[in-house]
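Taken from TrEMBL, the feature domain 'Phosphofructokinase' covers A:3-279. Under the heading ATP binding site, TrEMBL lists A:GLY11, A:ARG72, A:SER73, A:GLY102, A:ASP103, A:GLY104, A:SER105. According to TrEMBL, the ADP binding site annotation covers A:ARG21, A:ALA22, A:VAL23, A:THR24, A:ARG25, A:ARG155, A:GLY186, A:ALA187, A:GLU188, A:LYS214, A:ALA215, A:SER216. Under the heading Mg(2+) binding site, TrEMBL lists A:ASP103. Feature annotation from TrEMBL assigns substrate binding site to A:THR126, A:ILE127, A:ASP128, A:ARG163, A:MET170, A:GLY171, A:ARG172, A:GLU223, A:LYS247, A:HIS253, A:ILE254, A:GLN255, A:ARG256. Under the heading active site, proton acceptor, TrEMBL lists A:ASP128.
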Protein chains: 4
Amino acid sequence: MKKIAVMTSGGDAPGMNAGIRAVTRTALQKGLEVVGIYRGYQGMIEGDFIPLDRFRVSNIIQRGGTFLKTARSEEFRTVEGRAKAAAHLKKEGIEALVVIGGDGSFRGAAALHAEHGIQVVGCPGTIDNDLYGTDYTIGYDTAVNTAVQAIDQIRDTADSHNRLFFVEVMGRDAGFIALRTGLASGAESVLVPETTTYIDELITKLEEGRKLKKASAIIIVAEGDDEGGALDIAKKVNEKFDAWETKVTVLGHIQRGGSPTAFDRILASRMGNSAVEALLKGSTNVMIGQRNNEMVEVPFTQASKHHETLNPHLLELVEILS
Amino acid sequence: MKKIAVMTSGGDAPGMNAGIRAVTRTALQKGLEVVGIYRGYQGMIEGDFIPLDRFRVSNIIQRGGTFLKTARSEEFRTVEGRAKAAAHLKKEGIEALVVIGGDGSFRGAAALHAEHGIQVVGCPGTIDNDLYGTDYTIGYDTAVNTAVQAIDQIRDTADSHNRLFFVEVMGRDAGFIALRTGLASGAESVLVPETTTYIDELITKLEEGRKLKKASAIIIVAEGDDEGGALDIAKKVNEKFDAWETKVTVLGHIQRGGSPTAFDRILASRMGNSAVEALLKGSTNVMIGQRNNEMVEVPFTQASKHHETLNPHLLELVEILS
Amino acid sequence: MKKIAVMTSGGDAPGMNAGIRAVTRTALQKGLEVVGIYRGYQGMIEGDFIPLDRFRVSNIIQRGGTFLKTARSEEFRTVEGRAKAAAHLKKEGIEALVVIGGDGSFRGAAALHAEHGIQVVGCPGTIDNDLYGTDYTIGYDTAVNTAVQAIDQIRDTADSHNRLFFVEVMGRDAGFIALRTGLASGAESVLVPETTTYIDELITKLEEGRKLKKASAIIIVAEGDDEGGALDIAKKVNEKFDAWETKVTVLGHIQRGGSPTAFDRILASRMGNSAVEALLKGSTNVMIGQRNNEMVEVPFTQASKHHETLNPHLLELVEILS
Amino acid sequence: MKKIAVMTSGGDAPGMNAGIRAVTRTALQKGLEVVGIYRGYQGMIEGDFIPLDRFRVSNIIQRGGTFLKTARSEEFRTVEGRAKAAAHLKKEGIEALVVIGGDGSFRGAAALHAEHGIQVVGCPGTIDNDLYGTDYTIGYDTAVNTAVQAIDQIRDTADSHNRLFFVEVMGRDAGFIALRTGLASGAESVLVPETTTYIDELITKLEEGRKLKKASAIIIVAEGDDEGGALDIAKKVNEKFDAWETKVTVLGHIQRGGSPTAFDRILASRMGNSAVEALLKGSTNVMIGQRNNEMVEVPFTQASKHHETLNPHLLELVEILS
């Protein structure tokens with residue numbers, strides 16, 4: 001192998017730049033050439049490439065987002081689109097690819113391998129932490145810390161008043177961010193898609209808190225909760241519970257950005273390094289995962305999205321500690 | 001004068017604790033006793049007081065919120081309520097009062113003086129910066145920095161996609177927070193209550209940006225804009241402009257909390273110090289303001305809320321630099 | 001069991017408050033009474049206790065330091081001192097104790113159990129991460145993030161000049177903080193006590209970087225490195241390498257403070273919860289550890305300080321990626 | 001005028017990028033071409049230029065440091081060096097220059113004007129805030145906030161022990177950073193070059209604090225204090241006062257980096273905008289200053305470094321409030 005490419009795909013996540021840096025510098029150290037592909041599969045189809053040397057990836061480990069950018073590509077979902085993409089890779093002499101992204105990105109990589117023989121390895125880059133085969137995904141720790149810091153600021157003011165705060169965090173299908181955010185911020189409740197939300201139970205809990213003379217309550221809502229987002233749930237609660245003034249915060253894309261935490265930088269650095277090593281020993285169609293603090297290779301077929309597997313003990317812990 | 005009280009009132013603001021600390025320590029240094037009143041005027045009516053010594057205000061200068069808490073008091077709006085409050089003050093031997101809050105709080109203080117002869121001095125504590133007579137209010141600089149940091153995180157991800165972000169900041173009647181936030185975060189537009197918002201003009205600007213190949217745009221919306229909050233405006237824009245994916249963030253009470261900036265701590269420290277000095281030289285019914293870096297006394301009658309006075313040059317500067 | 005106590009001991013670490021909160025609220029939920037002991041073993045000897053209810057531990061999860069404070073106690077190292085301490089516990093009806101601290105603190109707890117039959121469980125609270133039996137200690141993740149953020153700021157300016165920065169991080173006997181800090185901040189080298197530092201090799205590396213036209217270099221130094229602290233090493237390097245202006249930063253106690261990261265809050269919450277559960281099922285003389293994301297009980301005899309076990313692959317990774 | 005250049009010079013300061021952005025976009029909006037000069041006067045001598053369009057200055061407002069970099073230039077101090085530099089400017093058709101830097105940089109600009117007729121306007125970019133003619137310099141507010149946040153973290157741990165902390169902040173000749181840092185962080189004392197430091201007085205103060213049962217003390221030391229840096233002073237104090245454990249932190253270049261505060265971004269944006277407007281109306285040899293919230297032009301001859309003008313009331317306030 002002489003030349004590999006690296007790209008980021010899907011929703012961006014803090015730590016992706018650290019992953020690109022690790023792929024690049026490991027590859028260079030192994031005597032490989034490295035090419036960066038801009039804007040994911042769409043850039044691959046358009047041949048939007050940039051040669052990466054050690055300087056091009058200097059001073060990016062601390063940056064949020066991804067300097068290679070990401071994009072959606074409908075065209076890559078077609079056989080023709082992938083053929084165009086593969087032609088660009090072959091013209092450039094690129095034999096193997098590291099994709100930093102989610103399970104949809106891995107499926108694209110698998111198709112590229114099946115149809116065009118490109119060797120492909122993935123790194124899990126998504127703030128949602130909802131992939132089988134890895135304990136953590138790149139960006140998750142940062143997203144949780146961002147949400148927690150926001151809630152800390154709300155807590156400063158919550159103490160001063162009789163107030164009920166609903167804070168919406170990311171998670172269309174999964175409550176991982178909501179759960180860890182709730183646990184770390186000492187929230188009163190965490191509402192997630194994986195479990196049924198009962199508005200009446202929530203109100204009962206709030207009433208009990210009020211009788212215990214709690215000054216305020218903070219409820220974390222995953223955007224994809226079965227009873228709706230924070231605005232919806234606040235409205236439903238207010239219809240029956242209006243003892244406290246209600247305030248809503250929707251964190252939105254704040255959670256996707258920000259300088260990655262040390263955890264995410266190290267995770268991405270290790271994964272990027274292992275991805276190149278995996279390519280060199282001939283692996284393909286695998287995602288690099290971290291399990292029990294070790295780097296492992298997980299077949300793409302197993303690295304799919306998973307839901308409904310929130311640690312029930314942690315959900316319970318939110319209630320015990322609130 | 002032997003004994004004074006200090007309280008915080010109205011919406012809480014970062015830096016209020018620094019103000020309480022400055023009042024307390026200045027008063028102690030001048031040989032006065034100091035009492036803290038919990039929960040603003042409501043706590044005054046209930047006699048919810050705490051003696052303050054130098055240790056009680058240790059290690060609070062960096063804390064958001066206010067450890068004396070605030071509360072609304074309908075009762076204090078009545079002559080009877082104020083009589084109850086004054087009786088508590090007199091029973092405790094409290095001759096003078098420092099109120100950290102907004103213009104509503106100052107009107108309460110004026111009534112207390114008129115009806116019961118309590119000497120009163122105010123410090124402007126509100127994140128909205130909408131008081132005549134002072135260049136800055138306590139909490140404003142922190143609130144702006146909080147919003148700017150949130151938008152920095154959105155910017156990380158904005159660069160990666162074709163996206164349109166609407167970020168709602170505080171400001172029911174005033175666009176001060178929105179204006180400085182927009183200027184400091186390099187936003188494309190700032191929508192404020194003080195000027196008429198034209199959705200069509202905004203769309204035209206977005207279209208122009210798109211033609212210039214801008215990757216994304218961030219629009220700052222003061223919650224009290226004449227066309228509605230960020231969610232409303234996003235909806236109106238989307239009806240005619242859907243070239244970019246649209247995302248909404250509502251910062252909400254995040255902006256009220258957080259450790260105060262150096263600027264707000266110093267402002268609050270100077271104001272708290274000057275408030276006690278003003279009391280000692282016999283001043284009453286004045287707010288301490290900062291004008292041109294100097295502490296000044298501003299009669300309550302002039303320290304009212306003001307709107308429609310946003311610096312037009314700064315509004316224009318947002319457009320020039322975007 | 002009806003009544004337990006909780007205390008923090010040794011050097012303080014971010015997340016200790018989250019641990020105290022978790023111990024308290026878990027115990028209350030299980031129907032136990034809880035007492036906090038101020039200032040560690042010295043406070044135990046002096047009977048400096050405070051009853052803890054759910055409100056006393058409100059709004060502390062996000063605070064650095066420990067509200068129960070810590071202190072050194074020479075007296076507790078004596079049989080007489082421990083007898084005094086035990087007498088206070090018994091007088092209060094305290095049957096069991098959770099100690100959040102390091103291995104020295106656990107040895108004290110073991111003595112208390114051996115001599116006076118107090119049931120004792122520990123939680124690893126130290127920023128140094130140098131205890132066998134747990135993958136992470138409470139405070140480590142925060143300390144690393146604090147150091148990394150400081151170095152990010154240096155990096156902003158490093159890029160502008162030909163400069164050589166030495167940054168000293170904590171670690172008298174262990175390089176864990178230095179290693180993860182170096183990896184996450186993209187440092188050129190990490191100097192740790194566990195491996196021999198060769199000044200000449202370092203200079204050779206710097207010369208090579210200079211020839212490669214690197215703009216600057218950042219070297220992380222654990223305070224206990226065999227060649228001295230950052231100031232010593234900077235001096236030794238400068239004697240032979242003066243091509244770049246040299247600057248030294250000593251982070252010092254900045255690393256002990258700060259709001260704990262989500263990781264440390266969750267770790268401390270889970271450990272505090274498990275500590276009470278361990279007491280309830282009769283365990284004693286064990287530390288709660290986290291291994292492979294699970295809570296485990298580790299006998300005090302195994303939970304000793306360890307050194308010279310830095311992951312060699314991670315040390316190598318710093319070099320590969322720099 | 002058709003074409004101008006912008007550069008950063010001297011020690012870098014947070015907000016310089018915001019200044020470059022404002023110069024560039026204002027100039028473009030006025031129909032001018034803009035060139036960036038890398039590495040200050042040295043880059044000017046070498047003709048190291050880059051054309052700036054609106055995209056080149058996108059997404060930099062939030063970045064610390066300066067993307068144009070700075071450098072020292074001995075050669076520019078010579079008539080020959082300046083002739084080379086001017087030749088490059090003239091070859092490129094550059095008629096006017098905006099320099100963001102300190103008074104040394106302005107003297108260089110003045111020489112360029114005197115000898116070669118280049119129109120020159122300066123913006124005060126230095127964290128030290130030690131220039132006559134402006135209330136604030138670009139970078140000062142950020143540097144103070146950085147130092148204050150570091151000390152907040154020390155304070156978390158200070159509360160737990162009997163400890164004496166010395167924190168060294170920047171300021172070789174001026175105590176501005178130390179003063180505002182001390183005031184905002186609630187330090188016990190601030191030691192600055194502008195006033196004589198008496199070690200014995202400091203010890204007396206510490207002894208008094210200890211008798212008052214203060215838990216700890218934090219002393220801010222400007223690096224250029226007449227009694228030495230933090231390490232020197234700690235040593236001198238320890239010879240006579242050893243009741244508390246003493247710890248030293250040297251913040252160093254942390255203070256030069258970091259994302260600029262809202263204040264610094266707005267200041268730099270306004271100054272950069274005004275600098276271009278000043279050029280367009282024919283001004284030369286002036287620095288843009290902010291006085292009483294207004295932009296003003298200050299002749300270079302007046303914009304020199306100043307010392308010994310620390311606000312004595314603020315120094316006194318540190319003592320009153322500590």
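Cβ coordinates come from backbone N, Cα and C, glycine included.
Overlay of TrEMBL annotations on the structure.
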| residue | record | Cβ contacts under 8 Å, 6 or more apart |
| --- | --- | --- |
| A:GLY11 | ATP binding site | A:THR70, A:GLY102, A:THR126, A:ILE127, A:ARG256 |
| A:ARG21 | ADP binding site | A:VAL57, A:ILE60, A:ILE61, A:SER269, A:GLY272 |
| A:VAL23 | ADP binding site | A:ILE4, A:VAL6, A:VAL34, A:VAL98, A:GLY272, A:ASN273, A:ALA275, A:VAL276 |
| A:ARG25 | ADP binding site | A:ARG54, A:VAL57 |
| A:ARG72 | ATP binding site | A:GLY40, A:GLN42 |
| A:GLY104 | ATP binding site | A:SER9, A:GLY10 |
| A:SER105 | ATP binding site | A:SER9, A:GLY10, A:GLY40, A:TYR41, A:VAL99, A:GLY122 |
| A:LYS247 | substrate binding site | A:ARG163, A:LEU164, A:PHE165, A:PHE166 |
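Close to A:ARG172 (substrate binding site) in the fold, though at least 6 residues off in sequence, lie A:PRO193, A:GLU223, A:GLY224, each with a CB less than 8 Å from its CB. Of all the binding-site residues given, namely A:SER73, A:THR126, the one with the smallest number of surrounding CB atoms inside 10 A is A:SER73. Cβ proximity to the ATP site centre (mean Cβ of A:GLY11, A:ARG72, A:SER73, A:GLY102, A:ASP103, A:GLY104, A:SER105, cutoff 8 Å) flags the following additional same-chain residues: A:SER9, A:GLY10, A:GLY40, A:THR70, A:GLY101, A:GLY108. Counting every protein chain shown, the number of other Cβ atoms lying within 10 Å of the Cβ of A:GLY186 (ADP binding site) is 26. Note: A:MET170 (substrate binding site) has non-local neighbours A:ILE127, A:ASP128, A:ALA143, A:ILE177, A:ALA222, A:GLU223, A:LEU251, A:GLY252, A:GLN255, A:ARG256, i.e. same-chain residues 6+ apart with C-beta under 8 A of its own C-beta. For A:ASP103 (ATP binding site), the spatially nearest entry among the binding-site residues A:GLY186, A:GLU188, A:ALA215, A:ILE254 is A:ILE254, judged by CA separation. For A:GLU188 (ADP binding site) paired with A:ILE254 (substrate binding site), the C-alpha to C-alpha distance reads 22 Å. Of the binding-site residues A:ALA215, A:ILE254, A:ILE254 has the largest number of other Cβ atoms within 10 Å of its own Cβ.
Taken residue by residue with DSSP, A:ARG25 (ADP binding site) is part of a helix. Chain C comes within the C-beta cut-off of under 8 angstroms for the following of the binding-site residues A:ARG21, A:VAL23, A:ASP128, A:MET170, A:ARG172, A:GLU188: A:ARG21.
Here the Cβ of A:GLY102 (ATP binding site) has 25 other Cβ atoms within 10 Å, regardless of which shown protein chain they belong to.
The full span of the recorded substrate binding residues, A:THR126, A:ILE127, A:ASP128, A:ARG163, A:MET170, A:GLY171, A:ARG172, A:GLU223, A:LYS247, A:HIS253, A:ILE254, A:GLN255, A:ARG256, taken as their largest Cα to Cα distance, is 33 Å. Largest Cα-Cα distance over the residues recorded as binding ADP, namely A:ARG21, A:ALA22, A:VAL23, A:THR24, A:ARG25, A:ARG155, A:GLY186, A:ALA187, A:GLU188, A:LYS214, A:ALA215, A:SER216, equals 53 Å.
Recorded residues A:ALA215 (ADP binding site) and A:ILE254 (substrate binding site) have their alpha carbons 28 Å apart, per Cα-Cα distance.
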